[in-house]
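Peer 1: What TrEMBL records for this protein is below:
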TRANSMEM  47-68  transmembrane segment
TRANSMEM  88-110  transmembrane segment
TRANSMEM  122-141  transmembrane segment
TRANSMEM  147-166  transmembrane segment
TRANSMEM  173-196  transmembrane segment
TRANSMEM  216-240  transmembrane segment
TRANSMEM  247-264  transmembrane segment
TRANSMEM  270-291  transmembrane segment
Amino acid sequence: MERRLSQKNRHPGTHFQHRPVALASMAAAAARKRSHANLRPKGLKRLIAAFVVMAVTNGLAGTGGYGFPKNNAELSDLNPTYLTPDGLTFAVWGIIYLLQLLALLEAVANKAGFYVPRREQVLSYLTLAFLLNSAWLVVFAHELYGLSLLVMVGYLLALLGAYTDLDPCDTDLFLPAAVSVNLAWVCVATCLNGLITAARFGLGGAPLRPAGEALAAVAGTQNLACAAAGGLTLLALHVLRGERRDWPFAATLAWALWGISRGQAARSEFLARAAVVCAGLCALAAGWVLAQRLCGRRTVQVRSSAD
């Protein structure tokens, strides 16, 4: 009996020494829970509202509805460029909006919203990006080309802010892909908007044309378009080599470059071939990274099952 008591009382603080740590951990978890509960209604409600505004505005822009004197197809015909893809390529917007909708539904289903670090910044950047997308559709439909380029650059920067604040190892399924695909396409759209704006302002010797009239010549040059295609390809390869190994970004640029090849086939055979080569490089690199990821996940699953 004395031996038991001596063993029990040998270290009298052992039973309580971990209690402060446990209490601190419980307090931190409760604080995070309160933070998540306070953040979710504010950030997500604003983001959902901005998404609804963007979806409605896009529907009106595509059909030439109220407040839109011309639809997207008519505006594209008025402003031909050497980087304009064919009509099928713009179907990527359907994928972008679907991924964004799934990301929102995933966030609503999660108790804490998006499971990413610096969640407040990500929500704010995405809300701003959605609203700037809506604003660009309105401004471009009214052929305010200079202002549309400024809005497009702001849209690009907002997406870039969300992209850089996302953790490559986060647990969200749709959010990283939604931001990556949207950012990649907006990179292409910014190049297009820049060529159109330059031509509308008479830069590069292009004759001036008032709003409502088609450009007298194709905006840009073949060499400039080839340089842009090469730059987009280098950007895709750079992103694939980075920490993210972002294959959706590269795959989106591959789709865009392939569409440029199809869209410019009748105008310039050289440009069409250059664009399809760039698209092939992006697609092969993206496929290689995707295959490595899938093989890596399978290896981890096999090892975990073996253990």
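For all residues, glycine too, the Cβ spot is worked out from N, Cα and C.
Note that the coordinates shown come from a computational prediction; the quantities given were computed from them, not determined experimentally.
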Peer 1: Near the transmembrane segment (270-291), which residues from the same chain, at least 6 beyond its ends, have a CB less than 8 A from one of its CBs?
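Peer 2: Same-chain contacts beyond the flanks: 82, 222, 225-226, 229-230, 232-233, 236-237, 240, 245, 247-248, 250-251, 253-258, 260-262, 264.
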Peer 1: For the transmembrane segment (88-110), could you work out the same-chain residues 6 or more beyond its ends whose Cβ comes under 8 Å from its Cβ atoms?
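Peer 2: Cβ under 8 Å, 6 or more out: 44, 47-48, 51, 55, 58, 72, 172-175, 177-178, 181-182, 185, 252, 255-256, 258-260, 262-263.
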Peer 1: Any chance you could find the range in 47-68, 122-141, 216-240 with the most Cβ pairs under 8 Å to the transmembrane segment (173-196)?
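Peer 2: Answer is 216-240, with the largest number of Cβ pairs below 8 Å.
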